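Noted in TrEMBL for the protein shown:
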BINDING   Thr103, Asp129, Asn159, Ala160  S-adenosyl-L-methionine binding site
Amino acid sequence: MSLSLTANLRRCLARNKTFTRCISSSSSSDPQNKTTSFGFQTIPENAKETMVKNVFDSVASKYDLMNDAMSMGVHRLWKDQFVGDLKPGRRGPMKCIDVAGGTGDIALRILDFARENYADRETSVEVVDINDQMLKEGYQRFKKTMYHNTSQISFHEANAQSLPVEKFLDNSYDLYTIAFGIRNVTSIPAVLEEAYRVLKPGATFACLEFNRVDNPILGTLYDQYSFHIIPLLGTILTGDRSSYQYLVESIRKFPSQPDFAKMIRDAGFATGKDVDGAAWTNLWGGVACVHTGVKI
C-alpha cells in the first residue's frame with residue numbers, strides 16, 4: 001500500500017471514529033450500565049467526570065505541591081524537558097493548545113522557551129481545562145507575568161473529549177500538549193480524536209504522563225512510595241488523603257507505553273516504533289513518559 005493511500009485511509013478512519021462511537025453507543029441496550037475506572041474503583045461512566053472534578057476542586061490551590069509530592073519534586077524537570085524537546089518557536093510563531101493545563105505551568109514554559117530561545121513574542125497558547133478552579137489558579141499565575149492581558153495567553157473552560165467546534169476549529173493548531181491530565185478523563189480515545197481534529201496536518205500531539213516503570217527494583221520502590229508515602233503526604237499537606245489515593249491509583253490504571261502508543265496511532269497519528277526513544281521517551285525509567293504523534 002502506498003504511503004499516500006495509507007495516510008488517506010488513516011484520515012478517513014479518524015474522521016469516522018466519532019460516527020462509529022455514536023452508532024455503538026446508540027445500540028447499547030442501557031448506556032447507564034457502562035462503567036469505567038476511578039482509580040481502582042469501577043464506577044458508572046457518567047459519574048467519573050464529576051468525581052474527577054471534585055478531586056481537582058480539592059487540590060487546585062495546592063496542585064504544584066501535589067505534583068511535588070507525587071514526583072519528589074522532579075515533575076518540574078520533566079516539564080522543562082517536555083517543552084524543551086518540543087522547541088516551540090524554532091520554526092516561527094506557533095498557535096498552541098494546552099489541554100488539562102489549568103494551572104498554566106506548561107503554557108508558561110512554552111511562551112518562555114519561545115521568547116528566550118528564539119526572541120518569539122507571537123507564539124500563543126490557549127489553556128483548556130474542565131475545572132474552573134484550576135483555571136483560576138492559572139490565571140492568577142499569569143497575572144504575575146509579562147504575558148498577562150496579551151494575545152499570547154487565554155484560558156477556556158471546556159471538556160477535552162468534546163471541544164466546542166465553534167471555538168476550537170478543525171486543523172487550527174500547530175501544537176497540542178497535555179501533561180498529567182489524560183489519565184483522568186473518561187474516554188482517552190475521545191480526547192485523542194479531538195486532538196487529531198484540531199491539529200493542522202503535520203502538527204504535533206505531545207503528552208507527558210506518569211506511566212509504567214520498566215525496572216523491577218525501581219518499580220517496587222516506587223510502589224512503596226506511591227501507596228504508603230504519597231497518601232500520607234496528602235493528609236499532612238492538604239488534609240485530603242482520598243484525592244491523593246485516587247491519583248496514585250489512576251497512574252496504575254493508565255495504559256502501558258505500547259498500549260497508549262497504539263491508541264495514539266488508532267486516532268490517526270503517526271508515531272515512531274514501539275520502543276523507548278521512538279514512540280515514547282521514558283523519564284526516570286518510566287515513572288513518567290513523553291508520547292508524541294504527528295497528524296498525517
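Just so it is clear, glycine is given a Cβ too, placed from its N, Cα and C backbone atoms.
Values in this document were obtained by computation on a predicted structure and should not be read as measured data.
Counting only same-chain residues at least 6 apart in sequence, those with a Cβ under 8 Å from the Cβ of Ala160 (S-adenosyl-L-methionine binding site) are Val99, Ala100, Val128, Ile130, Ile178, Gly181, Ile182, Val185, Val191, Glu194.
Just so you know, the Cβ of Thr103 (S-adenosyl-L-methionine binding site) picks up 27 other Cβ atoms within 10 Å once every protein chain is counted. A sphere of 10 angstroms centred on the C-beta of Asn159 (S-adenosyl-L-methionine binding site) encloses 17 other C-beta atoms. Of all Cα pairs drawn from Thr103, Asp129, Asn159, Ala160, which the record names as binding S-adenosyl-L-methionine, the longest spans 16 Å.
There are 27 other Cβ atoms within 10 Å of the Cβ belonging to Asp129 (S-adenosyl-L-methionine binding site).
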